[in-house]
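Data first, discussion second: the structure below is written as structure tokens.
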Amino acid sequence: MRCASRSDELVFFVNGRKVMERNVDPEGTLLTFLRKNLRLTGTKYACGRGGCGACTVMVSKHDPVSRKIQRHFSVTACLMPICSLYGAAVTTVEGVGSIKTRLHPVQERIAKSHGTQCGFCTPGMVMSMYTLLRNHPQPSEEQLTEALGGNLCRCTGYRPILESGRTFCMESNSCQQKGTGKCCLDWGENDSSRLGKKNEICTKLFAKEEFQSLDPTQELIFPPELLRMAENPEKRTLTFYGERVTWISPGTLKDLLELKVKHPEAPLVVGNTSLGPAMKSQRQFHPVLLSPARISELSMVTKTSDGLTIGAGCSLAQTQDILAERIAELPEEKTQTYRALLKHLRSLAGQQIRNMASLGGHVISRHCCSDLNPVLAVSNATLNLISAEGTRQIPLNEHFLAGLASADLKPEEILESVHIPHSQKWEFVSAFRQAQCQQNALPHVNAGMRVLLKEGTDSIEDLSIAYGGVGAATISAHRSCQQLLGRRWNELMLDEACRLLLDEVSLPGSAPGGRVEFKRTLVVSFLFKFYLEVLQELKKLVKLFSVAVGADSRHRSEVSDQFLSALEDFPVTIPQGVQTYQNVDPHQPLQDPVGRPIMHLSALKHATGEAMFCDDIPVVDKELFMALVTSSRAHAKIISIDVSKALELPEVVDVITAEDIPGTNGAEGDKLLAVEEVTCVGQIICAVVAETDVQAKRATEKIEITYEDLEPVIFTIKDAIKHNSFLCPEKKLEQGNVEEAFEKVDQTIEGEVHVGGQEHFYMETQRVLVIPKTEDKELDIYVSTQDPAHVQKTVSSTLNIPINRITCHVKRVGGGFGGKVGKPAVFGAIAAVGAIKTGHPIRLVLDREDDMLITGGRHPLFGKYKVGFTNNGRIKALDIECYINGGCTLDDSELVTEFLILKLENAYKIRNLRFRGRACMTNLPSNTAFRGFGFPQGALVTESCITAVAAKCGLPPEKIREKNMYKTVDKTIYKQAFNPETLIRCWNECLDKSSFHSRRMQVEEFNKKNYWKKKGIAIIPMKFSVGFAATSYHQAAALVHIYTDGSVLVTHGGNELGQGIHTKMLQVASRELKIPMSCIHISETSTATVPNTIATAASVGADVNGRAVQNACQILLKRLEPIIKKHPEGTWENWIEAAFEQRISLSATGYFRGYKAFMDWEKGVGDPFPYYVYGAACSEVEIDCLTGAHKKIRTDIIMDACCSLNPAIDIGQIEGSFIQGMGLYTTEELKYSPEGILYSRSPDEYKIPTITDVPEEFNVSLLPSSQTPLTIYSSKGLGESGMFLGSSVFFAIADAVATVRRERDIAEDFMVQSPATPERVRMACADRFTKMIPRDDPETFKPWSIPIA
């Protein structure tokens, strides 16, 4: 029990209101307190590690020294210890503004700029932007990018979020589109010559002139009581007691030092950014925590003639400002070290983490990937230590970094400050890092390098090099540096230095983190970059000083002009761009919203935090919490499950096992709860039910499961093929005579394509609330799902009760992407068993780690192809064999295989084709539906064939694509009629709008002039088939009520996932009923109002549900027609009142029977898809051949939307899916251990695209509309189609790499691997450095990770 009576009182403010609390848990976070205690649910839980920004809030504190409010700073509430907030003012999204009172300009602009989709990340985005504006009312674009760098969004693609933020920036109030001097919003209205006839084409998605202005004087003031507290600080020690942990916050440095003597093992907690995640993931436990937050001496900054001393308590963000200020004050020669540190600080984590983490904590933690320690180590920084016995200094050197006792802190000592000396003339300091992506990512390798040359010469007087990421801690290459003293700074020295470094900084083949050869290459690549930087600086100095240079070229200090670009880092910029769509007919009534860029129905609620998600539902009386216990073995027999220790814990109510299931335990081979055997790490075995979520999770660790390992254990596709381990029969399509065609071609190529898996990373993890009713075994289930009917059916069979006793409710879903089609039924059923057994409501909310471990994702793919073609590039025969890694159960793997094969031809008409596909059964968690449903993987194989043919023929890939594309009306491989006219239009429009051919020449010119940087450009066509391959999956229903006041309630079978389906349904109802959208409301999706629904998936949600809503509205309007004709001058309200009096039903069910679709796999013939979406994308990139990094320069997308229901929403879907696809092909990499354990289980390890990954110029055009009678108002579903267009970035990178390999006479490699990570790009750009690294025999060590595709 907590000792509340002994605890001091915690005093802080939230949204201007005072909070006084004695009963606080020192292990608790601000996020938990806000959500559970204060019911402020706008702050979201998404990752629990500070890596996504969904829980961002603003904290403000007063500085008694400067007598000013310290900069307001954004923090991630999931890491912020609640006890650390004494004397602070917290502002949450609810405190910024509300739709009930007044919207803040930030909230208004992000909503009206269409910067929200699912809305789960939006409160965090708002708070990051709001905090920025509190500090800088007119920020720079660089500050905006920096502020949002720690916030992730999986839906929007970031462009509209940044656009909303840019409206506050001081550079300009418009984008001044790329050198034209004109705002992109003005194109459609003011430049008809560029965009067509007047009123035909538009680019204005929102009315910026209607935004309310920002008035900084109207913000919430800092609480006067906190001012008084800060000016007369509490000097006594504050103590807060919890059940397991005591938090002690001393008021003076003397008290802190005395406490350190008393509790020498107690860690100091400042930002909790290192300790917090470690306590969670590594199960670290500390009974006493010391907080130095109130010790002002630890935040002092001292400027001296020889350097800068920064208090250990200063945050990394404060350190950033301090360094920037010092750089501005001192001559350049003295600030080399400060510049190097500042460079790393800008990319270190996100803004929130930099605001929380302290300099001292960063240094003392000695993380192997520390970005600052390598630079501090080489710059001769010293650590000022203090204890009750006195002070002393120790060098921050290799001995300290290695943790040697003789060079470390004593248990009773603390770090007071860090002294960083000035650099001097002829001294050069640089920092380098390479991570999976540019921002908010831990580095694979980083380095600090410093050289002091003998004045007036290029002779090395002192040299220091340190690396991070290549060992358990930062490694100093002291021995190598000593051997290079006295050497000239030239090529001979460089060769010797590389040899020495590779020998000293050695990585074993089994090194943690893997990527061993890549890391070895970076060790010498970074050195080469440093070598070039110093040479370039010497070139400047030689004008002032006589530098001794030898006559031999090997002794001459020069930098080739071709090498200069290697010295430039890729800039971080806010994307510019134009979004083009067809305007509505000028004769369309203003009240008719169809075709207009209407704001998302819930956008304002997203921005204010008032949108309710599943876990935002208030606590239900007698509610219990559930946590899952999963398998730690990949394939094993369960010998025993001992739950006794878990049940002994306080607040634990029960443990649910398979024996408690009254009905069916899932399907054969796919159990809800494991029985007798487990077939993957992460399989659910049982579940703990407890009074608190914390105790439920702790109890899972007490359950002891005994296993007996079984054979075989299969993880990879190749192993599955070897063991003939498949989930379903082969799917095959064939046309023409493939073997005969191969005999007649000029050339053939065979190749392999490996496509990695992908995590859905929906921002809202899987969650469900099951509430049992008091009679008839009824249940109310609130669940985050794309398919509530499936949840309903699964719970029914699990509990053995009729479906009609179960009602599933879906208000909104925080992202789905296919991951919430089948999986939520599992969690709903397990929670329902717990609810029935205990008689209590059950809430189950998955942690991000468990969600990623359990739920699976996109299927990894291994493809083999053989392609036959003529010398001019005409493909005559193509044979592709694809295998996908389905995991341990069938799930949707058979359907994914079918869709993959059906869509494999993409945009190409090849007369002789053979496509085969198999789904492999492995001992990994089952993979499932994911946006695109096999097409993004399969089409990459097809496009790889195209690029291989182009390389062999010596022709540009776009020429091969054009030559083999569908040209006239024809039939697909499955004999469905197909007219390629719109496909060709998209291709030609993309070529034209992207200025492809002229830019191709510019790319080639750039590549001639640059050796270490290369550009690439690619254009990709797309034919995407929409829908399910079965008629029954296209049906939909709707229920529309008109109430006597004239208001309308619409319910339908679609689920709001962020794709705007509710908004579009209101647009449909508004048009059909001829009333304003404001008169119509959608509350939720419920199986009680619209039964037997189909999953909201396959891009047809708005299509089919729109037709059902249309049908219902037309029925109602037909009933009203006699009244309207009789009283044409009447109002809507008059007509409804009259209808009621005449006993006319004001409720109607609408129904759409669905599109006809079928596929006969025996005959290879079908009409499986109702229609196609066509598109094309052109992307240009620049790669760094020395590090593998890349920058997206420009992307142009042309998409066939036919007649868009809502251009703003549709463009948002295209941009979001494109960026998600880009992530699949570039940065998103799942890593598994040789034991089948998923390493990538948080945003720390798994990198989805961030703000800085958006192309610098990002243009999207909806092709001018055409008519199709098949769909609602001739619209098309665009939810998935943009996904594959992200491959244009992949092929642009491949184009740049191919240029490198041709230039260096390296043979073509027809094995394609996705994603194109920095590791793969760097190693493909083979050079002198990749050749010099040692390589290990794979038979001699156990790798850290294994490839599963």
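Using the three backbone atoms N, Cα and C, a Cβ is placed for every residue, glycine included.
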Which of these, GLN117, GLN792, GLN1067, GLN1313, does Swiss-Prot list as part of the Mo-molybdopterin site with CYS155, GLY816, PHE817, ALA1098, SER1099, VAL1100, GLY1101, GLN1213, LEU1278?
GLN117
Considering the FAD binding residues LEU268, VAL269, VAL270, GLY271, ASN272, THR273, SER274, LEU275, SER358, HIS362, ASP371, LEU415 given in Swiss-Prot, which of ALA349, ALA377, ALA407 is annotated for that site as well?
ALA349
Just to be sure I understand, if DSSP states are collapsed into helix, strand and coil, how many residues of the domain '2Fe-2S ferredoxin-type' (8-96) fall in each?
16 helix, 28 strand, 45 coil
Rank the binding-site residues GLN117, ASN272, SER274, GLN1213 by the number of other Cβ atoms within 10 Å of each Cβ, and give the residue at the low end.
SER274
How far is it from CYS155 ([2Fe-2S] cluster 2 binding site) to GLY816 (Mo-molybdopterin binding site), counting Cα to Cα, in Å?
10
Considering only the binding-site residues CYS78, CYS118, CYS121, GLY816, VAL1100, which residue has the minimal Cα-Cα separation from VAL270 (FAD binding site)?
CYS78
Using DSSP and three states only, what is LEU415 (FAD binding site)?
strand
Just to be sure I understand the packing, how many Cβ atoms besides its own are within 10 Å of the Cβ of LEU268 (FAD binding site)?
23
What number of additional C-beta atoms lies within 10 angstroms of the C-beta atom of CYS78 ([2Fe-2S] cluster 1 binding site)?
29
Nonlocal neighbours by CB distance (under 8 Å) for LEU415 (FAD binding site), same chain, sequence gap 6 or more:
ALA312, GLY360, VAL363, ILE364, LEU383, ASN384, LEU385, LEU409
For the domain '2Fe-2S ferredoxin-type' (8-96), would you mind checking the mean pLDDT of the predicted model?
94
Whole-number Å distance between the CA of ALA349 (FAD binding site) and the CA of CYS47 ([2Fe-2S] cluster 1 binding site)?
15
Env. residues of [2Fe-2S] cluster 1 site, Cβ within 8 Å of mean position of CYS47, CYS52, CYS55, CYS78 Cβ:
LEU31, LYS44, TYR45, ALA46, GLY48, ARG49, GLY50, GLY51, GLY53, ALA54, THR76, ALA77, GLY124, ARG848
